[in-house]
């Protein structure tokens, strides 16, 4: 145990001596900076920074360049929506006649209108000189009015009208028709200087529309018709065929 204690004493003395020597040495002034050394190697790339704020638009100072060449056509687009119908075009030329159709079934004549009338008289003469044949013999479809002496068309078509009037005086009669508010007369006259009984007759074919009227009219100064039991005057008419 004596040896370790001796080494401890020696160590303490050595430290004390070194401290004394250091305190006795004078401190020298600092030296000047030396020349720059050689640049070191580039360091490793740093991390990617955040995106910066947009820059202000630049002021265009150059001259606008020429128009470039036309680019290649792009791919076709999708079909658009259907538009509104356009106006009707002009009528085209007539086509070729079609084939002849098959024969139809026979019609029923009973279902066809057959206007016809016949009346005798006269019973009277109206103020407008219309001869009224008041005694009706036939009045199919009720087309003749025996109180006015007028036929009224109910079926458009072609009609035949006739009259036979007995007189022993000069007489002038006319078949008159109204169509579209226009009066169309057809006159017949007979002169009797001897006072014998004679028959004045007339007839015509008329194309009538629905609502047209036909009647017999006398001349105011030459229209004396015989009234008696020996002879009758008659006014008749009927449809020949209807209009297509």
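Cβ atoms here come from the backbone N, Cα and C positions, even for glycine.
Feature list (source: Swiss-Prot):
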type	residues	note
DOMAIN	31-109	domain 'Collagen-like'
CARBOHYD	48	O-linked glycosylation site
CARBOHYD	67	O-linked glycosylation site
COMPBIAS	79-94	compositional bias 'Low complexity'
CARBOHYD	100	O-linked glycosylation site
DOMAIN	110-244	domain 'C1q'
DISULFID	172-189	disulfide bond
BINDING	198	Ca(2+) binding site
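Feature map: annotations from Swiss-Prot on the structure.
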{"residue": "48", "record": "O-linked glycosylation site", "Cβ contacts under 8 Å, 6 or more apart": "none"}
{"residue": "67", "record": "O-linked glycosylation site", "Cβ contacts under 8 Å, 6 or more apart": "none"}
{"residue": "100", "record": "O-linked glycosylation site", "Cβ contacts under 8 Å, 6 or more apart": "none"}
{"residue": "189", "record": "disulfide bond", "Cβ contacts under 8 Å, 6 or more apart": "170, 171, 172, 173, 200, 219, 222"}
{"residue": "198", "record": "Ca(2+) binding site", "Cβ contacts under 8 Å, 6 or more apart": "166, 167, 168, 190, 192"}
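Within its own chain, the compositional bias 'Low complexity' (79-94) has no Cβ neighbours under 8 Å among residues six or more beyond its boundaries.
Reduced to three states, the DSSP call for residue 189 (disulfide bond) is strand. For residue 172 (disulfide bond), the count of additional Cβ atoms within 10 Å of its Cβ stands at 17 [all protein chains shown]. The DSSP secondary structure for residue 172 (disulfide bond) is strand.
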